[in-house]
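Peer 1: Okay, handing you the structure first.
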């Protein structure tokens with residue numbers, strides 16, 4: 001095999017490795033068994049003779065008495081703060097601080113170990129092609 005064919009083969013391997021490293025993993029599929037057929041339910045015929053209703057003894061209501069004093073509204077409570085903007089939300093206050101620059105979240109691609117390994121293999125193949 002000449003060197004150009006070998007380089008083309010290695011380059012195709014690099015391309016396939018790079019594509020596989022970036023492709024998402026297939027979702028696992030579960031096969032559910034088909035539902036089993038249930039026998040038809042037969043309705044039972046009601047008996048032709050109806051039973052008489054059972055008498056219910058209702059309790060007698062208690063006599064109601066009217067209150068002697070009329071209800072009066074209670075005075076408002078004063079321990080709650082008055083509605084309105086608080087002192088910290090005035091237009092002259094500074095905006096809230098942003099996220100700390102040193103606390104950046106890791107990249108999702110580099111957190112995936114399969115992507116990292118695939119990229120390392122692709123880099124090795126690329127180095128072989130350029131050598």
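Quick reminder: no glycine exception, Cβ is built from N, Cα and C everywhere.
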Peer 1: Out of 26, 46, which residue gets the 4-hydroxyproline annotation in Swiss-Prot?
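Peer 2: Annotation hit in Swiss-Prot: 26.
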Peer 1: Can you tell which of 34, 75 Swiss-Prot marks as 4-hydroxyproline?
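Peer 2: Comparing 34, 75 with the record, Swiss-Prot tags 34 as 4-hydroxyproline.
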Peer 1: Scan 24, 106 for the residue that Swiss-Prot records as 4-hydroxyproline.
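Peer 2: Residue annotated 4-hydroxyproline in Swiss-Prot: 24.
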Peer 1: How would DSSP class residue 34 (O-linked glycosylation site) in three states?
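Peer 2: For residue 34 (O-linked glycosylation site) - judged by DSSP and reduced to three states - the answer is coil.
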Peer 1: What number of additional C-beta atoms lies within 10 angstroms of the C-beta atom of residue 35 (O-linked glycosylation site)?
Peer 2: 6
Peer 1: Taking DSSP as the reference, which of helix, strand or coil describes residue 22 (pyrrolidone carboxylic acid)?
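Peer 2: Once the DSSP labels are grouped into three classes, residue 22 (pyrrolidone carboxylic acid) ends up as helix.
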Peer 1: Run through 22, 34, 35 for me and report the recorded positions whose CA is within 10 Å of the CA of residue 28 (O-linked glycosylation site), in sequence order.
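Peer 2: The recorded positions close to residue 28 (O-linked glycosylation site) (Cα within 10 Å) - there are none.
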